[in-house]
Structure formats: C-alpha cells, structure tokens
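What follows is a short report on a single structure.
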C-alpha cells in the first residue's frame with residue numbers, strides 16, 4: 001500500500017467528514033478545511049494517483065509552459081491541453097468582440113442544461129480554433145494575465161530596483177542551489193500583491209521553498225486554495241515533477257515533496273466523484289524517467305519526460321468551477 005496515495009485519500013475523507021460548509025466565488029459551494037499538509041517521499045515512487053487515472057501529459061505540458069515563462073494558452077492547445085481554456089474563454093465572451101449566444105455562467109449552465117452545453121461546446125470550439133490559427137486573436141484573447149510562468153521567469157521590477165527590468169526567478173534558483181545549497185532563501189513565488197489579484201485566476205500555488213540536506217533536494221509548496229478532487233492531484237504530480245527536474249539539473253537526489261494547503265476544499269458537485277474514488281483499490285505507484293542527456297532545466301521537451309509502469313483505475317469526470 002502506498003502511504004503517498006493513502007494520505008491523499010485519508011485527507012479527502014476528513015474533508016467530507018469534518019469540512020465546514022462554505023460558499024465560494026463560483027457559487028458552487030464547498031466542504032472545506034483550513035491548513036492541511038501531506039508529505040510525499042519520492043523514493044517510494046512518483047505520486048501520480050492510481051485510484052483514478054490522472055493524465056500525465058497534461059501535467060508535463062503545463063509545467064513546460066510555466067518554465068517557458070509563457071502565459072498565452074496557444075502552447076497548451078498545441079499539446080491538446082485545455083486546463084486553462086475557461087479563463088481565457090471568459091475573457092473573450094465578456095469582450096465587445098464577442099457576438100455569439102449569451103454565455104453568462106457558462107460553467108454551471110453547461111452542467112445542467114443539455115441544449116446549452118451543445119451551444120457552449122460550439123462557441124468553445126470556435127474560440128480554440130481561433131487561438132490556434134489566428135495570431136491577432138491569440139494576442140488579444142490568449143493571455144491569462146500575470147500568473148505562474150510569467151511570474152517565475154520574468155517578474156517585473158519597479159523603478160527602485162537596480163539592474164534588469166525583470167527577474168528570472170527560476171534561473172536564479174538553480175544558481176542558488178548550486179552555489180549556496182544551505183541557503184534558507186531558495187524561494188520561488190507566484191504572488192505579486194500588485195498584479196496577481198487582477199489576474200483571471202490569481203495564483204493558487206503561490207510559494208515554493210527548496211531545501212538541501214544529506215545529498216537530497218526537497219521542496220515545500222504552499223497553496224492558498226486547493227480544489228481537492230480535480231486540482232490537487234495535478235499539483236502533487238506537477239511539483240513532484242519540478243522537484244525531480246531541478247534535482248537532476250543541480251546534482252541532487254530527490255527527497256520529499258511537502259504540500260501545504262490553506263483552503264482545502266471539495267466542491268459540492270464533486271462529492272459523488274470523490275466518494276467513488278475512495279471506494280477503489282490503490283495500485284503501485286509509477287516511476288518517472290527524465291532524459292539524462294538534457295543539460296538545462298529549460299531544454300526539456302515532452303519527449304524528455306515519461307511516466308513508466310502506470311497502472312490505475314479509470315478516470316472520473318467532474319465539472320470545473322470557473
């Protein structure tokens with residue numbers, strides 16, 4: 001039995017049993033706990049959940065997108081990754097350039113109105129096609145604001161900061177781990193108090209701290225808000241992957257990924273799905289392969305990252321709260 005996965009299942013059950021009933025921005029409602037933590041020993045295996053299928057291709061393409069410093073969804077769509085579609089789509093339908101059917105509250109309406117769901121899909125397909133094939137449209141509606149990749153790779157400085165106009169936090173982090181591994185300042189942040197609150201979806205995983213001890217590199221990530229059924233399994237795998245990649249490029253073995261979450265919630269319309277997941281058996285965790293020929297964190301491609309021996313229960317679909 002995997003303690004890595006069991007702690008996720010145990011926490012899911014605790015949220016169901018003890019979580020406070022809260023309203024939320026999306027109008028969906030949640031069961032919520034505040035201040036939770038899971039610790040994943042990466043020597044046990046790669047923590048990609050097995051009680052439901054988690055699509056690793058989406059995780060690695062999103063992380064590569066972050067590491068590119070990108071905040072336009074075209075790269076994701078080119079890799080058939082639609083994780084961020086809804087937030088860019090919302091920007092389009094709320095603009096004066098949109099002339100199609102009324103898309104108000106499209107997230108909730110598409111779940112309860114079969115006819116509207118078809119209309120929504122038609123408009124979404126138009127949007128995706130335009131992002132992929134129309135450069136002007138991509139420039140106007142493909143950006144999702146000052147989030148992750150943009151903040152990681154090109155944090156904008158102010159007039160009081162000497163030197164470059166932007167800070168590449170990731171490049172600096174790699175240098176710091178190599179040169180001052182005992183530093184307590186091995187930090188990567190994605191929360192800018194000035195610009196982040198105005199983003200379509202303000203950063204959820206906001207702070208990461210790396211830690212070197214006994215020849216191993218560990219990582220703790222603080223997440224202000226965790227959608228426990230849909231989002232958190234991706235976050236666990238994504239930051240475990242990031243830890244593996246940074247360790248490979250700095251000469252360390254991997255240690256622990258420590259996941260600390262503020263508002264840890266299960267949406268009311270995910271309760272049936274996570275209850276189904278809790279009834280399923282676990283399988284042995286898979287292994288991660290990284291191409292050892294890659295010499296820079298920024299040179300990895302989709303083909304350089306693979307998951308091996310992944311055996312899981314089937315996927316469980318659930319609506320995204322937007």
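Every residue gets a Cβ built from N, Cα and C, even glycine.
What Swiss-Prot says about this one:
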- 204: active site, nucleophile (ACT_SITE)
- 25, 184, 185, 224, 225, 226, 227, 235, 265, 266, 267: dUMP binding site (BINDING)
- 227, 321: (6R)-5,10-methylene-5,6,7,8-tetrahydrofolate binding site (BINDING)
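Nothing from the binding-site residues 25, 185, 265, 267 places its Cα within 10 Å of the Cα belonging to residue 204 (active site, nucleophile).
Of all Cβ atoms in the protein chains displayed, 20 besides its own lie within 10 Å of the Cβ of the residue listed as 'active site, nucleophile'. Around residue 185 (dUMP binding site), a 10 Å sphere centred on its CB holds 9 further CB atoms from the protein chains shown. Maximum C-alpha to C-alpha distance over the listed dUMP-binding residues 25, 184, 185, 224, 225, 226, 227, 235, 265, 266, 267 is 36 Å. Comparing the binding-site residues 25, 265 on other C-beta atoms within 10 angstroms of each C-beta gives the minimum for 25. The number of other Cβ atoms within 10 Å of the Cβ belonging to residue 227 (dUMP binding site), over all protein chains shown, comes to 22. Classification of residue 227 (dUMP binding site) by DSSP places it within a strand. In the three-state DSSP reading, the residue listed as 'active site, nucleophile' counts as coil. In this structure, of the binding-site residues 225, 267, the smallest number of CB atoms within 10 A of the CB marks 225. DSSP assigns residue 25 (dUMP binding site) to coil, not to a helix or a strand.
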